[in-house]
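Engineer: Got a structure here, written out as structure tokens. Questions coming.
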Number of protein chains: 2
Amino acid sequence: MLPLTRGSDEHVIRRPVHHRRGALRPALAARVQRAVLGIACWLLLAAVVPRAQAEDGYDLWLRYRPLDAAQAQTGRSHVAQLVAPAATPTQRAARDELRRGLRGLLGADPGTADAVDRAGALVVGTPASSAAIARLGLDLDGLGDEGFVIRSVEVDGRAATVIAANSDIGTLYGAFRFLRMLQTRQPLAALDLRDAPALDLRLLDHWDNLDRHVERGYAGQSIWDWHKLPDWRDPRYTDYARANASLGINGTVLNNVNASAQSLTPMYLEKAAALAGVFRPYGIRVYLSARFSAPREIGGLDTADPLDPRVRRWWRDKADEIYRLIPDFGGFLVKANSEGQPGPQDYGRTHADGANMLADAVAPHGGVVMWRAFVYSHEEPEDRAKQAYSEFVPLDGQFRENVMVQVKNGAIDFQPREPFHPLFGAMPDTPLMMEFQITKEYLGFATHLVYLGTLFEEVLEADTYQQGKGSTVAKVIDGSLHGHGLTGMAGVANIGSDRNWSGSIFDQANWYAFGRLAWDPHASARAIAGDWARMTFSNDDGFVGPVVDMMMGSRQAAVDYMTPLGLHHLMGEGHHYGPAPWVEGGPRADWTSVYYHRATPEGIGFDRSSGGSDAVAQYADPVARVFDDPKQVPEDLLLWFHHVPWDWRMRSGRTLWDELVHRYSRGVAYVRGMRETWSGLAPYVDAERHAEVAAFLAIQEQEAQWWRDASIAYFRTFSQRPLPEGEAPPPESLEHYRSLSFPFAPGN
Amino acid sequence: MLPLTRGSDEHVIRRPVHHRRGALRPALAARVQRAVLGIACWLLLAAVVPRAQAEDGYDLWLRYRPLDAAQAQTGRSHVAQLVAPAATPTQRAARDELRRGLRGLLGADPGTADAVDRAGALVVGTPASSAAIARLGLDLDGLGDEGFVIRSVEVDGRAATVIAANSDIGTLYGAFRFLRMLQTRQPLAALDLRDAPALDLRLLDHWDNLDRHVERGYAGQSIWDWHKLPDWRDPRYTDYARANASLGINGTVLNNVNASAQSLTPMYLEKAAALAGVFRPYGIRVYLSARFSAPREIGGLDTADPLDPRVRRWWRDKADEIYRLIPDFGGFLVKANSEGQPGPQDYGRTHADGANMLADAVAPHGGVVMWRAFVYSHEEPEDRAKQAYSEFVPLDGQFRENVMVQVKNGAIDFQPREPFHPLFGAMPDTPLMMEFQITKEYLGFATHLVYLGTLFEEVLEADTYQQGKGSTVAKVIDGSLHGHGLTGMAGVANIGSDRNWSGSIFDQANWYAFGRLAWDPHASARAIAGDWARMTFSNDDGFVGPVVDMMMGSRQAAVDYMTPLGLHHLMGEGHHYGPAPWVEGGPRADWTSVYYHRATPEGIGFDRSSGGSDAVAQYADPVARVFDDPKQVPEDLLLWFHHVPWDWRMRSGRTLWDELVHRYSRGVAYVRGMRETWSGLAPYVDAERHAEVAAFLAIQEQEAQWWRDASIAYFRTFSQRPLPEGEAPPPESLEHYRSLSFPFAPGN
């Protein structure tokens, strides 16, 4: 919060607000005591700085708060001067970010110089932009356009650190990496770091409508103020670009996959071009979701048949028009023939026909098409989990080179836990792109603390066995398994107009983790959480350890209190808020809850085994064999693949029913534990952010309890069994839980 | 913007950002030169203050930036210590605000004391809360609960300043007034100020839906985060209360007049109660818009007939329930039988029947009912401007004592200019409440700089002549004309989730002006603009003069470029964005443009004279006589009341057609002038706010030009006359302007 909200007793002079609860306070106090400070100095402080800046989360992980004295001194010795070119917008972005970060972290601007003239210079550039770097003859081969090296060297006999790359954008990424090292207190001596992204496309998908409503958004409105664009370019757009560039995210799909054709009209293309202009220096390309029926809706044609020459021409012309406005336009994302969206099947054509038509339109300009595999149509009667595989595997090899098929991590829809999608590894001749959901549509919206790094990691590390052991999803995605040159990962953004960007401070960690894993899908979720916690809050070990532990278990907790043991799709109808395992009827069976849990007096679970829908057959052996056997399948996926009697004996020794209740309660207890942990961390966190997180954790505990109670109240009508010893019965009747109504829940 | 957005070259040490362009800079620089500042001091500055605070408008007019040295010294001599009680929440709010403000303005916290022990104390309280004030024996009669005195006195032989009142809330208002005096650099010696609000109810009406969409809102979403309430109480709610209390606003209607019955369910009443709890210390009561059909929708009844005993009981029970949760609940606002809303006429009952039924429900708790007179039904075929008068005047005297009829300033709908509503003064036995619209539904949304103080003032100063000369609207509203004890003014809020609250910096001035005029409807719009400009930007005369001049003419400019000479209701359909004088057809004539302008090859204007719809007869003489005569009517209202030939000779000597074109162009030219003025004011304003205002003015100029060009292109098809010498023809065809479509314009 800015000054308007500060408490009355936060006197800036007597109590430096930045660290009034922080670990730096003693050090600061010591410095204060050491310094000979006359009244003039106090007056100046008071005059220049009427109030210290409170923290409201706007700064994300780029806070650049002061290091403690010793670290700052070490830092200053390694950055005694900054030698960085500023001839291009990207060069200026890198230099400005370094100055901003160093000034904040080290407490002093190192000053810039054209050449190294003292020890401890930080030298930034490419062989083309920096004579010093050219002379060093660094090995920059294999780094591509986006990689960089950070190395301790000597320049003209003086110790220096270089951030070098083949292109300006590589130096920008290197600059952010160097700042991260300072922020997380890495040693700065004898550096020899070499890094490049593992994936080509590292994108955010915004499900943002042109009226600023965000589908499944829980952080306010769309940050794109379409109405005022292109004339008003909110400074926030630049901060969005900075935050993304700090992670290596290099593209953004501006509009919802449930797209409006209006996005492709000249008026909106101009607006998109204005955003592209803001993002360009940060290496971020703009993409658009394309509505397949646009030729009919805004093109004056009577068809959108992808094989119709008029349609093909319309899209070619549209692509040409877009590239005139946005020369580095990235391409199209398409949701077709899914959940009522138009597509090539409306004309008896295949997904490949549709994708290739668009691919041909953008190919001359270097654009790509990301064609989503998330399809299910009303006509298909089989297990919804099988449909994407059934429709897409036969098309393998039929897509143009600039088409990627974008596959959600699981086959249903971003559930708290799903087995990895069977398409991964099953289309060797087609580059597959990962689609994760960063926004927590099914994981408690903005108030639940659920770190998704572990979810992402679990999927990426899953072994498909499609080319034998070690055929992990990450290797499918990074192209190494099947030798693809075009690779990518998309995350459905959790970004909105809320001051803290993501609806809560801890939801920022999910944006952060996505970006880090898109750069390196083999990275560790725990290490990423540690970096984020250090950059976002505090480097104090007394803080980092407990917070990272808490984050690492938080997703399992949400699985436990929402949908344990492989249950899925049991949330409120439409808005997806809260528990509703009783949902039935309606337009289609696979939009109900009962379709998925199939509880009866005998048992519970969706039989996808070889004796059931046989969805297991879509996996390679031995995965299929393991999933097919209720005794071998991971218990976390038991009810995903099997219909199991209530007295089924679990590995814990409990019956299935008892284990189910145990898991629900365990999830609630974990949240209670997070509240206790967080309460104890108050000394490390500014009051504003601490209070918000604490309030949200309280809401999470209430809602976790509600999920447990409502679920147990419902399922015990089937199990007909008593609760295990010591388990509290739901305090309300099932009728009560069923009666709750939330017509205005957000994100719908 | 917070640090994430600051330019890279704004080094806090070398350039104090607060005033790097400001008038204070030389003074600061001098102070810097005077002070003996060692390196230790610089280091401390750098460590404590990693960056100075940029301005993003969040602080509104409560910025409390440092006074210059001499003024601060004078200030400190008058506030050497603060003697203020802190036993109640409101007392703490007053004391905390003073400390916050004094610390910012004077550069030092005066410190608090229990009793006066030095010269220059600021003593705050009531005779009950402060022994010192009790001993002074101040004359506090007639100040009521909300008035205050600010006076230079002696306390125990020492010079002091007192802020005294009969109640805590009076002292809070006095505290804000004292701070305003400092902010606007009023002398602090020999003070003898006595003030109390002229109106009882000073309310904001939020047209906020429960899904956070704001009808006619251009500042983001609703600031009420309904989904997270009551558990999460955003600190912003407190700042909202502070800002309103600083103006004397003492009530807020939380939800849209197009109300959802859900607002009255227990779940939402708990949320409203949470907000009421935040606002209570600031003297702000919560009100709700009531949906008349709620007994059917959430009450299980089959009727909402106000004379049905079950309905009456349901509302009594509902009121009891509300007051249990919110003991100081203010009452209901109702839009009934208007634009499709349900109401008593659905059951053959009158507005009085409906209002009185609700009034009886809240009367035992001291609540009021505000019944809107903005009615027009599909069945009424006559001039829409006449309907409210026709329906309500016959009901005069039939309303309960705790009912106010809330009347918009004009009879159509918040048009850029309307004659005052004929109801004012025409219902002597009924207290009438003013409804202004602060949000700029018809005045350019958030991007147009249009100061509404002059619009409000024009209406309040209008003379109804209902009790002879001097029967101004202000005297109707303040109860003095007809001796009413219950008085009030409501403003449709322009507040949303945008960081700057109102969508633009200058729109904050309209919130400010409304609040000041609700406190004192006889206040001067120019003086208010001056205070606002000083508090929001700079006290420098080089700034204040030009900005106030620019503001004072801005509303006339909007009238000129949108709807000059009494034209009205010519905006885009539905969203009301941009010009659309061609709108015709549709469900009802009075939702079109052609209904209002009635242009033909012979002339233009709505004949409301005695020879036409005779709406003029709703006014008292001599107003009616003046309005009825096209030669006497103010030319600004000519086409409101008269259909006039194109060659009608105006007082300027021009023909009507030439004058019309002249006015359009004059409006555009004024905006161009504002851009130039603002450009020259850059030295006085921080870069962030200056850039935003400049960008919005550029949009305003574009849109003003568009209004002019489209309107001329359309009306010349009727006038069939050439443009006056020197007037540029519209650059595009009428077909072009008609083809423009804005399906996602905000606020609809």
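Backbone N, Cα and C atoms are what each Cβ position is placed from, and that goes for glycine too.
Where the annotation comes from TrEMBL, it is an automatic prediction and has not been curated.
Take a look at what TrEMBL says about it:
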type: DOMAIN; residues: A:60-178; note: domain 'Alpha glucuronidase N-terminal'
type: DOMAIN; residues: A:182-501; note: domain 'Glycosyl hydrolase family 67 catalytic'
type: ACT_SITE; residues: A:Glu339; note: active site, proton donor
type: ACT_SITE; residues: A:Asp413; note: active site, proton acceptor
type: ACT_SITE; residues: A:Glu441; note: active site, proton acceptor
type: DOMAIN; residues: A:503-726; note: domain 'Glycosyl hydrolase family 67 C-terminal'
type: REGION; residues: A:723-748; note: region 'Disordered'
Engineer: Against which stretches of its own chain does the region 'Disordered' (A:723-748) lie, if we need a Cβ under 8 Å and a gap of at least six residues from its ends?
Structural biologist: 214-218, 439, 441, 445, 572, 574-580, 582, 654, 658, 661-662, 665, 706, 708-710, 712-714, 716-717
Engineer: Just to confirm: which same-chain residues, 6+ apart in sequence, have a Cβ under 8 Å from the Cβ of A:Asp413 (active site, proton acceptor)?
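Structural biologist: In sequence order, A:Phe374, A:Tyr442, A:His569 meet the Cβ cut-off.
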Engineer: How many Å lie between the Cα of A:Glu339 (active site, proton donor) and the Cα of A:Glu441 (active site, proton acceptor)?
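Structural biologist: Spelling it out, the Cα of A:Glu339 (active site, proton donor) and the Cα of A:Glu441 (active site, proton acceptor) are 17 Å apart.
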Engineer: Least buried of the active-site residues A:Glu339, A:Glu441, going by other Cβ atoms within 10 Å?
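Structural biologist: Checked A:Glu339, A:Glu441; of these active-site residues, fewest Cβ neighbours within 10 Å: A:Glu339.
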Engineer: According to DSSP, which kind of secondary structure is the residue listed as 'active site, proton donor' found in, if we only use helix, strand and coil?
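Structural biologist: DSSP call for the residue listed as 'active site, proton donor': coil, neither helix nor strand.
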Engineer: Average the per-residue pLDDT over the domain 'Glycosyl hydrolase family 67 catalytic' (A:182-501) and send me the rounded value.
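Structural biologist: Looking only at the domain 'Glycosyl hydrolase family 67 catalytic' (A:182-501), pLDDT averages out to 97.
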